[in-house]
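Asker: Have a look at this one before I ask anything.
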Amino acid sequence: MSTGHPSVDARAGHGAPARLSPHALLSPAQMGVADRAAPAAGVSGARLMEAAGAAVARAIRERWAPTPAWVLCGPGNNGGDGFVAARRLRDAGWPVRVFLWGERGALRGDAARAAEAWAGPVEAAMPACLDGAGLIVDALLGAGLSRAPAGDLRTLIDAVNAAVAPVCAIDVPTGLDGASGRCPGAAVRADLTVTFCRRKPGHLLLPGRALCGALICADIGMPDAALGAIVPAAHANHPDLWAALFPWPRSDGHKYRRGHALVVGGERMLGASRLACLAAARIGAGLVTLATPPAAWAIQAGALTSVMVEALPPDGALDQALADPRRNALLIGPGLGRAPQAGRQVLDLLTAGRPCVLDADALSVFAARPAALLDALHGLCVLTPHEGEFARLFGPAPGAGDDATPGTEDDKLRRARAAARRGGAVVVLKGADTVIAAPDGRCVINDNAPPTLATAGSGDVLAGCVAGLLAAGMPAFEAACAAVWLHGLAADRLGPGLLAEDLPGALPGALAVLAGMD
Ligand SMILES: NC(=O)C1=CN([C@@H]2O[C@H](COP(=O)(O)OP(=O)(O)OC[C@H]3O[C@@H](n4cnc5c(N)ncnc54)[C@H](O)[C@@H]3O)[C@@H](O)[C@H]2O)[C@@H](O)CC1
Ligand SMILES: Nc1ncnc2c1ncn2[C@@H]1O[C@H](COP(=O)(O)OP(=O)(O)O)[C@@H](O)[C@H]1O
Ligand SMILES: [K+]
């Protein structure tokens, strides 16, 4: 695997411009910067537009048999791409009609020239024009979305969504804010979206990801030099970002060298800590110990085999459990409960200064005094909240964000980044579009998790995965990214019907895929 670390983004100091990671996500504004820089780097806007429209036509022809393609063009360069795609499809023998939303005379620059190169008629775009379409190409608005669609544009979007024909969106489905994944108003629901050069955060974040349908990112010959000065908004999670640091077992290793994870469990919901223990062991820790309240010892010891189980003293004090410094990664939260001693246990673990995962109740127990937790965190900590737990520590998410101005950073990226900075720790803000943020601003969006993960206990498994990788020596941010990716892949391989207890057993298969990617 090629590129290194998300923060590095391999930018050479001299010689040819380094290549921006293919996993970099650029905001629409950043893409605009690249567009404007391209001519000076030797590639004209017209050439990019021709390549973009050609890529759309190619993607359509690969996916659909010839059918009447109705192309809806807007007033900017997205519309220009639509004119090119229309010409290319017609040249390939497809029946094509072009409908313009806006005045022909208002088209400018490359878009105006692309319209001129379209030899056929240009009709007015209106809802009734969609009758008879076998395929709708949405070239109304792309990166230029500047406000919520309203009036006749909104009516047109509604008509596209009501039509039976499939929809191919150019760059982004019209109405989707590529920076954030939000739809400030109405948005087209596409079956296929063809974007260019690099993806945008809004292609991965919800609800945007769902509106895109299948996503293709086409190479349109954007010169590396035009991308050179851009620091990506975020990265899509991929092994390229962290595989070089993955702690594979070594032939000269022994179990202690692979690390010893200590999991602190509670008195009820005993399965949660067991799931975490099994995941930590499966993903790579050499040893795992579950420290449990005395009342639960017999049950836990009876239910676990390779995982060691030891009883804590009745007051829950952790000094004995922490006495062995080889216990180099700590996990608390799954099945912990919210008894008064839970908060103290969390703070005691943090005082140990070792790599540490805080999940579930270890977070919720601080709902009434979040600063007590946040001030105690350190750079080796990983927090794995779902939205509810996150809100308890960092405050509620501001509405659904529907009225937010397009182009502003996504709420989920911003919130995860701010939380990581506030806590000085890695934050994994879970969900179908899990965001992993580091205190230094690095941010990764995960998109491989299937919805079957929405089942009780899957978060406990994830927390165990992170702890296992920390024990095996992976740095916190990379361990979090790797755990989230492997967790998603393991679930995907299991398919429908998965239970959380299936996930640890599916990790070897996911690890084999990762090993095969080298
Ligand atoms: N980045 C790239 O690599 C390339 C981008 N190209 C295309 O260029 C597009 C961006 O072009 P533009 O910047 O011209 O942007 P758009 O074509 O998305 O739209 C800009 C126009 O829409 C208007 N507008 C925005 N929101 C509106 C709303 N809610 N209601 C009514 N009007 C609204 C704006 O005032 C402006 O006139 C990309 O999406 C892509 O399709 C390609 O042509 C070539 C290469
Ligand atoms: N719709 C979904 N699509 C993909 N992944 C999901 C979805 N819903 C939840 N997940 C993932 O499943 C896990 C659930 O964790 P959590 O909410 O803590 O559950 P629990 O407390 O039951 O273990 C997280 O990793 C989350 O990202
Ligand atoms: K579009």
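Backbone N, Cα and C define each Cβ position, glycine as well.
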Asker: Could you tell me which of the ranges 1-20, 61-80, 441-460 is annotated in TrEMBL as region 'Disordered'?
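Answerer: Going through 1-20, 61-80, 441-460 one by one, TrEMBL flags 1-20 as region 'Disordered'.
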Asker: Where TrEMBL shows N78, T174 binding K(+), which of D110, D138, D152 is named for the same site?
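Answerer: Of the residues offered, the record points to D138.
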Asker: For G459 (AMP binding site), find which of the binding-site residues D138, A143, S146, D171, T174 come within 10 Å, Cα to Cα.
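Answerer: Hits: none.
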Asker: Could you tell me which of the binding-site residues G80, H386, G459 have their C-beta within a distance under 6 angstroms of some atom of ligand 3?
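Answerer: List returned for ligand 3: none.
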Asker: Between N78 (K(+) binding site) and D171 ((6S)-NADPHX binding site), how far is it from one CA atom to the other, in Å?
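Answerer: Answer for this pair: 8 Å between alpha carbons.
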Asker: Specify the secondary structure state of D138 (K(+) binding site) as given by DSSP, simplified to three classes.
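Answerer: Strand, per DSSP.
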Asker: Cα-Cα separation of T434 (AMP binding site) and S146 ((6S)-NADPHX binding site), in Å?
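Answerer: Cα-Cα distance, T434 (AMP binding site) to S146 ((6S)-NADPHX binding site): 27 Å.
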Asker: A143, A432: which of these binding-site residues has the sparsest Cβ neighbourhood within 10 Å?
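Answerer: Fewest other Cβ atoms within 10 Å, among the binding-site residues A143, A432, is found for A432.
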Asker: Just report the maximum Cα pair distance in Å for the recorded AMP binders K430, G431, A432, D433, T434, G459, no decimals.
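Answerer: Greatest Cα separation within the listed binding residues comes to 14 Å.
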Asker: What average pLDDT does the predicted model assign to the domain 'YjeF C-terminal' (238-514)?
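Answerer: For the domain 'YjeF C-terminal' (238-514), the model's average pLDDT rounds to 94.
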